[in-house]
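A quick write-up on the structure given underneath.
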Amino acid sequence: MAKNVVVIGAQWGDEGKGKIVDWLAEEAGGVVRFQGGHNAGHTLVVGGKKTILRLIPSGILHEGLDCFIGSGVVVSPEALLGEIDELNAAGVKNVEGRLKIAPTCPLILPYHIALDQAREASRGKGKIGTTGRGIGPAYEDKVARRAIRAADLLHPEKLREKLDAVLAYYNVQLQYLHNAGPVKAEDVMAVIEKVAPRIAPMIADVSRVLNEKNKNGEKLLFEGAQGALLDIDYGTYPFVTSSNCLAGAASAGAGVGPQMLDYVLGIVKAYTTRVGSGPFPTELFDEVGAGLAERGHEFGSVTGRARRCGWFDAAALKRSIQINGISGMCITKLDVMDGVETINICVGYELPGGGKTDILPCGSDAVETCKPIYETMPGWRESTVGVKSYDALPANAKAYLKRIEEVCGAPVAIVSTGPDREETIVLHHPFA
């Protein structure tokens, strides 16, 4: 019997993880964010009301449910408190009482944001597409062992000494490499002194609490951010995020042993999207792509940036299934494909020199040279919006899902036919 479930994005992010985590949270005893920062939004729609979460786990809307931010997450205290205030204003109960933050979480502070934005501006046409929220520099500090972490908020007398050393490093870069102004220690301390009284009570030994919950038989839900193809190691590098987005990162990022991860649910959009720069073999530049973007409301929930749209890429998904050990797939936004007369599925790529491959190559340069090989299927005219039974889906929609299973080599467990929590078809429940 599966007890703990990891939910990850199996493409380039924006697959609809938030809705599915919110839906699964009904049966969970705790929901955990284990990587990323506030650079991506998870959108939930409950009873027609939309909520966008960036740092707080998507289970927070369930009254009484404990939520956790593991040490793999880089936390902006200001963004976190802003999100809490939004939830409080919306009537969500006891947010601060139910949210626990690992003491080992690196903090995102003003100098991270300043350097992130200065670097991106300096890249010119070579921009990576960072959100400019300081995520990358914060992860750099973690690896370089100079991060200011959540636990440091409990010891302000030592924090100032650490801050002075960090700013000496940052201001050299800002002033001499990027021709930007320095960040003042007094300004950073003002932020810290403002947020510390509210953040400190939420700091807890997340790893210990999660392991205790597991021993007590409570189901745990691990919520990933971004997508596997943006992973710092296995994504289309350098056009990737700064963290490990794979299912395996749930263990280290939450502080639990890998034996506690029973089921990996890969969230997969019924077509493919990507935000920002980077190779995208199946990208569409015609009216079909424009139609997907319009019907799918393909704009970033945090940045507002338009997402690039393309055909379903089964070869890319194969890579994701391989590196995540995906147990089952949740296909989202099936309803956006309604009315597309002819559908293409990318089943592989032609390579320079005449070769072929049925799986996404590693690295951006290799992917850039790939030419998609398509299979064509008939679409469907009937509406799938809000359909809650697999048998009620159009025959061609079911054939599309079946072909995705066959080409990718993983079963479809869930189908989402709309943004609301209830617009969901369950073929196999991950917690079953």
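Each Cβ is built from the backbone N, Cα and C atoms, and glycine gets one as well.
In the record from Swiss-Prot, residues D14, E15, G16, K17, N39, A40, G41, H42, T131, R145, Q226, R305 bind IMP; the candidate from T236, T241, T282 listed for the same site is T241.
DSSP gives A306 (substrate binding site) a strand state. Of T131, Q226, A306, all annotated as binding-site residues, the residue with the shortest Cα distance to G16 (GTP binding site) is Q226. Counting other CB atoms no more than 10 Å from each candidate's CB, the binding-site residues N39, T131 peak at N39. According to DSSP, K19 (GTP binding site) sits within a helical segment. Annotated pair T417 (GTP binding site) and D14 (active site, proton acceptor), C-alpha to C-alpha distance, rounded: 16 Å. Here the candidates are the recorded positions N39, G41, H42, T131, R305, and by Cα distance the one nearest K19 (GTP binding site) turns out to be H42. In this structure, the binding-site residues under consideration are T43, Q226, and the one with the smallest number of other Cβ atoms within 10 Å of its Cβ is T43.
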